[in-house]
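*Asks:* Got these off TrEMBL a minute ago, pasting:
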type     : residues : note
COMPBIAS : 9-18     : compositional bias 'Polar residues'
COMPBIAS : 20-31    : compositional bias 'Low complexity'
COMPBIAS : 79-91    : compositional bias 'Polar residues'
REGION   : 1-46     : region 'Disordered'
REGION   : 64-95    : region 'Disordered'
REGION   : 160-220  : region 'Leucine repeat I (LRI)'
REGION   : 239-304  : region 'VHIID'
REGION   : 448-522  : region 'SAW'
MOTIF    : 270-274  : motif 'VHIID'
């Protein structure tokens, strides 16, 4: 059962009434509780990348053409691409006449005789694997174009794609070539559109991240996008749409809810602590599922933590979220209590959480832990500090749902490649282009910011596993019923969605790219 359903394609996704509440008389199965069967179709627009459409979402970004700022304007330390690629292409000036002649002959053969290379546009990029963070993550694939004389001549025959130009621009920035990168940014802005197909949209957001990095304005742009989020009804609709049209995000919530329900099936009182409750969407389906189970539902207490500096505070925030969930629980006859904690997660202590004897305590980290700075940012290490505090509460279950990529400790250049590949898969899996309300500022922050200003610090499944283990938690694998329910639903959406188990965690992906990891711990 789902409280949200896609509107007709003619309906604007920015309409707060895009989704309407459904009744409670639907199937009681776990999979039906979490997902509706409606599937939106792909909707793209070919509008140009106009200032009118762009400024609405990137008001504080450097909209004027970048005009050769100094290298000191680059945020963070420069990184030479040579450190990340097995070979570095030589400059044209380093070739003598004989070598140049050989290169030209090679080019001639490639253009006139080798038809097999016609589909190798992607392979103009070097695809050498490298290892970043050693034991923490698997090797990532680098695709930065080598600027050899041959490739320079080929580019005159075949124009570079936005992807190729993006990687060249990132490579130039990593080497400190700000003037060259600025020229590419201006060129890219004429090629891409936030209204276009997935490749256009990802390129549009990535190029603005690069522009913000050049101007050292990433921090302000991130905050601007956050502060300019629409009022709660619009924001809620946008988030609901994202979960509907990109089921991988919803699969993560479904896995967490399934683990919670199974762990607490014989409990009379359940207390869930959510350290970043956001709009509370996860608990709509949880309450619905509890109401449909045989017997009397347990008394559910939900403690929602939310930063008082967030935009939700100005529109009622936790109070509105609590009231909405209370009304739903009352209608479905689920005993419910909401406890609001308006505080930054970093300063929350056990006395603020209202834990009581006799409760089955569950802690839910859904897309939250990556916001906590770790040892790579500060010796305080708020990420591990929070986990240790949660462990001291002796919870019956801890659920972790995160995006499966490394934007935490990798240097700029491989991080840029990782982010491009990840969000390309996300955008490709979206059935409507709704990401600008939910993902745009994350992309800008990953690309533009360094140090404490970089908030979106995702980690891969292996590193979360190591962190949880070091904090004293033991893995609690998802049950077969939860896994099978999600796998069956993923096939209903698309055969391109993949669900797999790995070391006790569930990984949800699009084709071969893992997007979301969900795990449970005790």
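Glycine is no exception: its Cβ is also placed from the backbone N, Cα and C atoms.
Mind running through what each feature is packed against?
*Replies:* Confidence over the region 'Leucine repeat I (LRI)' (160-220), given as mean pLDDT on the 0 to 100 scale, stands at 90.
If you look at the motif 'VHIID' (270-274), the same-chain residues 6 or more away from its ends with a CB under 8 A from one of its CBs are 260, 264, 282-283, 298-305, 353-356, 359-364, 366, 393, 395.
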*Asks:* Could you tell me how many residues in the region 'Leucine repeat I (LRI)' (160-220) are helical, how many are strand and how many are coil under DSSP?
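*Replies:* Residue counts in helix, strand and coil order: 45 helix, 0 strand, 16 coil.
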